[in-house]
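Participant: Below are the features listed in Swiss-Prot for this protein:
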type: BINDING; residues: 43-48, ARG120, SER128, TYR183, 217-222, 246-248; note: 3'-phosphoadenylyl sulfate binding site
type: ACT_SITE; residues: HIS98; note: active site, proton acceptor
Amino acid sequence: MPDYTWFEGIPFPAFGIPKETLQNVCNKFVVKEEDLILLTYPKSGTNWLIEIVCLIQTKGDPKWIQSVTIWDRSPWIETDLGYDMLIKKKGPRLITSHLPMHLFSKSLFSSKAKVIYLIRNPRDVLVSGYYFWGKTTLAKKPDSLGTYVEWFLKGYVPYGSWFEHIRAWLSMRELDNFLLLYYEDMKKDTMGTIKKICDFLGKKLEPDELDLVLKYSSFQVMKENNMSNYNLMEKELILPGFTFMRNGTTGDWKNHFTVAQAEAFDKVFQEKMAGFPPGMFPWD
């Protein structure tokens, strides 16, 4: 299997994301007003967000999340299976994507469909990605974390540059149909984030229903739910030692980066993210 599928200069996982599907998403897929789109750069808390949104839709009833796999509940639009599922689906759709803005369906930008964009400290994204991609057959294997830091800073990782992904999608942050969430805030005040999502979606949940959403979307419960923990992922795609839900914490990068790596990262971050208001990002 090749290291990546390259499309428009961006590396994508080598399995399940053909160029034809990427072209179709960009040029043919029609976003409907009632769709809800969950956007993230990989390893930013995507599955946690999906779980919370699914539980909000069922008012905390866990039957759906315990009986249907996460990739069937909210298909990844850029995968061949997800795309086929979404174009056949009637009614409102829950859509997941890691796509950069310029490769997403053009129809989104003239639509009132709601978008939730979740971002996470890129240092933690990097460490999580290093462990995740390294234990799959979906991407090129780095020989060390140091190598992966270099690749990440150059955008030579699945879905390309974190910096470009964030800069582009954040251009929508003032729109009424766009909700920006931070992984760090979700960890610190999960209930507050759940309520924020409810408000954005116009969903009114009772206190006991909100408690159920919180309970069934917890890290421990998700880790034990085979519909959400990727235990059902195709075995040829994973290597020994693979674990999808590793630790779900914030600040883990401090246990991995050397001082030199942290300084190199900070330098690139300052350059690439220049122009955003102070306090825009809630991490150190």
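Just so you know, glycine gets a Cβ as well, placed from its N, Cα and C.
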Participant: Count the other Cβ atoms sitting within 10 Å of the Cβ of GLN220 (3'-phosphoadenylyl sulfate binding site), across every protein chain shown.
Facilitator: 10
Participant: Can you check which residues sit near LYS43 (3'-phosphoadenylyl sulfate binding site), meaning Cβ under 8 Å from its Cβ, same chain, 6 or more apart in sequence, and list them in order?
Facilitator: ARG120, VAL125, SER128, GLY129, PHE132
Participant: Using the structure shown, find which entry in HIS98, ARG120 (the recorded positions) has the sparsest Cβ neighbourhood within 10 Å.
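Facilitator: Each of the recorded positions HIS98, ARG120 was scored by Cβ atoms within 10 Å; lowest is HIS98.
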Participant: If one looks at the chain holding THR46 (3'-phosphoadenylyl sulfate binding site), which residues at least 6 apart in sequence have a CB under 8 angstroms from its CB?
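Facilitator: Long-range Cβ contacts: LEU38, THR40, THR96, HIS98, LEU118.
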Participant: When DSSP is mapped onto helix/strand/coil, what comes out for THR46 (3'-phosphoadenylyl sulfate binding site)?
Facilitator: helix
